[in-house]
């Protein structure tokens, strides 16, 4: 409703002007917040109320052609208009009998059958982007296009001013200078990033050969610093690329498993210009710690400077899935972008902003990289993940986002101490991995009580140990503990033909069986305390059940 016209309209209803002014001031205040949001494109310091957010979304809904309430027209009631409804071909001329302003004659008109679905999505049926570019505006969905671009601006603002991923002084472009939001999971987003980089590399490499693409060697190799997560490996293969798994190394003074820079250097020399990208990771399960992305970035930049005369060079992609919540890894990325090459950083929306699974944020210091990824997305995209993120960011505000980050930081020390206490109680110890401040681990070596000690039966011993470890993991879940991981020794797993030895630990010969638990964004102190109560109870139950089984077996043997 037009604020200027309200006093006149309300006075016609005999409402006193001093009453009207009170309500009008509320409306003007709300309108000014909306104007500031669109003008500055920054998160408000204080989060908005649910009513404010819903009001904005409903007001914006009138911009899309499929919105029921925005296109409804008055029915013409005159009998004359309905007296001769058809022409000679039987086509109705009675335009007044149709209740909508727009008529859709395409194969995709944003029609939604269920009112519940319509309400759940705030009428966003057209999705975002167009077939040529996921960020391109579409004429049928002005609201969706505006919402996508505004959400991207708010997200970039949140990670710069909230998470601290803002680059380093003296660098023109920081890691979050440019970005694109994708409505798919982190793994699929990684695949799209690599596909976009491959297309970009072909064009840049061809340009150095005067446009003759026939003389350009195809870059089809990705060097991947091993992390035992199926989606990372599958993302590379899904992009139609060849993955070379680089081994990790165990740290001599801690329990950490980390980047093997020597192996990377050797692989760069061996495969050279056939390499499209190096893929590193900053968010991982203990004992794996964040890759030394700054050293990797510097190594890639140096290699490109020494071995290239134009062209795309080797790119560097960082899997920063849930790393935005960690200040240490954000600082590491800031440094990497300052001293070396970083092309794209992939972040999950659900793990970092407490929204449902289904979206990812790609950021980069290079606008051309983001453009290559955006134009590589096939077809339109769902607007649902972006709407969830938009609502959540406005609900949090910058203060709310900083608060959940600060709360996680506050709990880290408590989490580690309590985990160490439980480990000591049962003769285990906490894994010493100081560079991982999200995922924590404790050994499970004393949990295993093998009945077979014959050296010639090593395989039987391993199978017995792994069975007990797996059983302990299932006990945790049946006691309503989610998110923990138990990892046995000497596990092997085949993924698309590649054999991973010591799977779970990201190392061929990790010496411990262990379990991990995460102190991640959104965890409360009450939830943390209850987790440790249940963990200790589960441990005692496991030992009791194990002793009972052994006594029963001994009795049967006697």
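The first residue you see is number 1, and the count goes up from there.
Heads up, the Cβ atoms here are built off N, Cα and C, so glycines get one too.
Curation plays no part in TrEMBL annotations; they are all automatic predictions.
For 78-98, the entry in TrEMBL reads region 'Disordered'. Under the heading compositional bias 'Polar residues', TrEMBL lists 85-97. Taken from TrEMBL, the feature pyridoxal 5'-phosphate binding site covers 108. Taken from TrEMBL, the feature substrate binding site applies to 130, 131, 138, 380. Annotation comment: TrEMBL describes 351 as N6-(pyridoxal phosphate)lysine. Annotated tRNA binding site per TrEMBL: 479, in sequence order.
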Between residue 130 (substrate binding site) and residue 479 (tRNA binding site), the C-alpha gap once rounded to whole angstrom: 47
Other CB atoms, at most 10 A from the CB of residue 380 (substrate binding site): 19
Cα separation, residue 131 (substrate binding site) to residue 351 (N6-(pyridoxal phosphate)lysine) (Å, whole number): 28
Least buried by Cβ count (within 10 Å) of the binding-site residues 130, 479: 479
Inter-residue C-alpha distance, residue 131 (substrate binding site) and the residue listed as 'tRNA binding site' (nearest angstrom): 47
Distance, the residue listed as 'tRNA binding site' to residue 138 (substrate binding site) (CA atoms, angstrom): 49
Neighbour-count leader, CB within 10 A, recorded positions: 131, 138, 351: 351
C-alpha spacing of residue 479 (tRNA binding site) relative to residue 380 (substrate binding site), in angstrom: 42
